[in-house]
Amino acid sequence: MTVRNLFLLPGDGIGPEAMAEVRKIIAYMNAERDAGFVTDEGLVGGSAYDAHGAAISEGDMAKALAADAVLFGAVGGPKWDAVPYEVRPEAGLLRLRKDLELFANLRPAICYPALANASSLKPELVEGLDILIVRELTGGVYFGEPKEIVDLGNGQKRGIDTQVYDTYEIERIAGVAFELARTRNNRVCSMEKRNVMKSGVLWNQVVTETHKAKYSDVQLEHMLADAGGMQLVRQPKQFDVIVTDNLFGDMLSDVAAMLTGSLGMLPSASLGAPDAKTGKRKALYEPVHGSAPDIAGTGVANPIAMIASFAMCLRYSFNLVKEADDLEKAIANVLDQGIRTGDIMAEGCRKVGTAEMGDAILAEFKSLSA
């Protein structure tokens, strides 16, 4: 039996409650489908600070590095607002991304048909929407040097950020996008600002060359990032996979997420480079939503984003494509049945809590797996 090592970091706020629903699915898959998941659990964020004085301990960091994949809940809350900057809860996530060398951020924008009316756009524009935004996560203007505020000595100051990309950084993120497109609808749209930015010129050139050399079977389109934002709102279903840099990816993924009308239900993944020996990538999966400390412990949190993040984990880290498809279909079926947590409640639907939503999805998953 294949052993699949999964490290769970529930974190703070609603993270532990949402993670509990994933544990139910893992237990079922191990018991009934010989999935071979071996799980360990650690602390991250505020809970880690309370226990260790750090946003993640060295021991848990070592476990994350040794695992096949990390499933992450959420971090932060008002309790830790006054802790030193370097050990703030969010520093745990940043440390994981850095030490695992996660350079590719995958943000799906999926509009479940049952929730199409929740979007701010017309339902016909977003119903069935399924976009994947691939964002470069470790380069660009967020990390380029120099990065400083300079006192000019005349009562004026100058803020400096530096947008920097090397060829290899663009090649590897483009490769991820093209490979993912091959598993979807075989289309990639690369977005940059080559009309005003030299980094955009290089981005365009390298993506084009990478496509020609290795991925000519995939349909490639180039679009200026500002035009891409407009097209996401105008006609979002024209896109399949979008690949872009750190800054534009940060913005465009949030725009795309809001098209679905359910930002709090969306998953994400961050991937590293393939291991030279095994070909496996380090990976971290997490819901887009925050820790929601105001509802933590009340049993009303929506676990769908956490469960959908586990579905991404099944697909991208363990190549359990059928199981991932079934789990995503189970979520859609439960929503079609009118089952809702409070955050997505609508007239004529049945309101449930965290555990009942998780149980409903698990029951549907079991029926699809039979």
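Positions of Cβ are set from backbone N, Cα and C atoms, glycine also.
Pulled from Swiss-Prot, these are the features on record:
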BINDING   77-90, 290-302  NAD(+) binding site
BINDING   ARG97, ARG107, ARG135, ASP226  substrate binding site
BINDING   ASP226, ASP250, ASP254  Mg(2+) binding site
SITE      TYR142  site 'Important for catalysis'
SITE      LYS193  site 'Important for catalysis'
Assigned conformation of ARG135 (substrate binding site) - DSSP reduced to three states: strand
Message: Fewest other C-beta atoms within 10 angstroms of its own C-beta: which of the binding-site residues ASP226, ASP250 fits that?
response: ASP226
Statement: With neighbours defined as other CB atoms within 10 A, the best-packed of the binding-site residues ALA292, ALA296, VAL300 is ALA292
Message: Radius 10 Å, atoms counted are CB only; among the recorded positions TYR85, TYR142, which position scores highest?
response: TYR142
- prompt: Since the record lists GLY77, PRO89 as binding-site residues, which of them has the fewest other Cβ atoms within 10 Å of its Cβ?
  reply: GLY77
Field: Spatial separation of ASP81 (NAD(+) binding site) from LYS193 (site 'Important for catalysis') - C-alpha basis, Å
entry: 37
- prompt: C-alpha of PRO89 (NAD(+) binding site) to C-alpha of TYR142 (site 'Important for catalysis'): distance in Å?
  reply: 19
- line: Same-chain neighbours of the Mg(2+) site, Cβ within 8 Å of the mean position of the Cβ atoms of ASP226, ASP250, ASP254 and not counting those residues, run in sequence order as ALA225, GLY229, LEU247, PHE248, GLY249, MET251, LEU252, SER253, VAL255
- request: Between the Cα atoms of ARG97 (substrate binding site) and ALA296 (NAD(+) binding site), find the distance and write it as a whole number of Å.
  value: 25
- request: Using the structure shown, find which entry in ARG97, ARG107, LYS193 (the recorded positions) has the sparsest Cβ neighbourhood within 10 Å.
  value: ARG97
